[in-house]
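Chemist: Below are the structure tokens for one structure; questions will follow.
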Amino acid sequence: MWCASCLASACAGCTCNLCASALSAISRRSARLAYCGLFAASLVLSFLMRQFATPLLKQIPWINTFDYTQPDEWFQMNAVLRVSLGNFLFFAIFALMMIGVKDQNDRRDAWHHGGWIAKIVVWVVLIVLMFCVPNVVITIYEVLSKFGSGLFLLVQVVMLLDFTNNWNDSWIEKDEQKWEIALLVVTVVCYLSTFAFSGLLFTWFNPSGHDCGLNVFFITMTIILAFAFAIIALHPQVNGSVMPASVISVYCAYLCYTSLSSEPDDYACNGLHRHSKQVSMSALILGMLTTVLSVVYSAVRAGSSTTFLSPPSSPRSGIKNPLLGDDNVEAGKSDSKEIDARPVSYSYTFFHVIFALASMYSAMLLTGWTSAASDSSELMDVGWTTVWVRICTEWATAALYIWTLVAPLLFPDRDFS
């Protein structure tokens, strides 16, 4: 027994040492991905709490304060919101702490990139503390999350536009025939996928014998937008490319599908209602995947973009001599501290804001935007609220993309590059 205890203690000590070594080995560049890993861990924890925490929450007196028995769905949503609130506070606190960080000599720069053992401890403590707050706090956060999720969806659209434009520009700059052919292939595949998928949507969500005018309107608008993207992008006065237009078209078709598949399972025009459980889970997985990809992309682009996350003092923002002022500088005078003060390459505050908003959005995904439309706790992200949120996201995506094309024509004196 004594030997076994010693062996267990030794193994635990070695594990802790390995974890500490791994955390201390996180570099400045990998710190961004470490934040992504922390966010992904919160998604997994939220899902597990939703599935298994209901019996525990029913035993907590300051959570189960009702005279009558609440359905399991209420406790599932409550568990998700509490985990989300702890995660949101973690990133929101860091966003506030990082306001005004302009160079790497700032002590807060080290806080952003290091101290991962302390960060994980704080993250865990915040999530645990959220299970000690009264229900009214969670109710307020639930309302705020709907607005925060809307902001994140807009940020997600901007990220997609940034990605497609940089993808297109990188292949065009190679100025080789094989890359031009690759652009053509991607464009054709995307447009064929858009129209083929739209045809399937007509089959799935416009069953014969039912008046499904709303679904037909959504699908028809998606097809019209796909044509509009190509026509505007190919206009002689528009400095556009058809490849980004095709990618945005596929994304709009995907949003249209996720919107229609989120219709209540008892709605006659939802042709997938017989497979609502599988559709709900697949839509949730796709939603979570796009969320993770968005925050990962924001982390990767943070270190390379010239405008996306770069603060005015960054050399990537295009401003010359960002640390050299015109006043109070004597000719020939050098300051070693100013020379060594390398500007940060992206806005730490905006970086953490994206993660905070993503925490809100993930909570809405797991709770179906806190909609009680579904009678089954196994159906997630289902209900008319989800339908309209996603269809409005599609239209906002279309509006922002069209704006990026026509804005240089409307305001020729401004630089949109």
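Cβ from N, Cα, C; glycine included.
Pulled from TrEMBL, these are the listed features:
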type	residues	note
COMPBIAS	305-317	compositional bias 'Low complexity'
REGION	305-325	region 'Disordered'
TRANSMEM	33-53	transmembrane segment
TRANSMEM	79-99	transmembrane segment
TRANSMEM	120-141	transmembrane segment
TRANSMEM	179-202	transmembrane segment
TRANSMEM	214-234	transmembrane segment
TRANSMEM	280-300	transmembrane segment
TRANSMEM	346-367	transmembrane segment
TRANSMEM	387-411	transmembrane segment
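How buried are these features, and what lies next to them?
Modeler: Residues 26, 75-77, 79-80, 82-84, 87, 116, 119-120, 123, 127, 288, 291-292, 295-296, 299, 351, 355, 358-359, 362-363, 366, 380 of the same chain, all 6+ positions outside the transmembrane segment (33-53), place their C-beta atoms under 8 angstroms from a C-beta of that stretch.
Sequence-remote contacts of a segment are chain residues at least 6 beyond its ends whose Cβ falls under 8 Å from one of its Cβ atoms, and for the transmembrane segment (79-99) they are 39, 42, 45-46, 49-50, 53-54, 57, 108, 111-112, 122-123, 126-131, 133, 137-138, 141-142, 145, 148, 348-353, 355-356, 359-360, 362-363, 366-367, 370.
Long-range contacts of the transmembrane segment (387-411) within the same chain: residues 149-150, 153-154, 157-158, 160-161, 165, 218, 221-222, 225, 228-229, 232-233, 237-240, 244-245, 248, 251-252, 255-256, 258-260, 262-263, 364, 369, each at least 6 residues beyond the stretch ends and with a Cβ under 8 Å from a Cβ of the stretch.
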Chemist: Report, as numbers and ranges, every residue of the chain located at least six residues beyond the transmembrane segment (179-202) whose Cβ falls under 8 Å of a Cβ in that stretch; write 'none' if there are none.
Modeler: 168, 171-172, 215-216, 219, 222-223, 226, 230, 241-243, 246-247, 249-250, 252-254, 256-257, 260
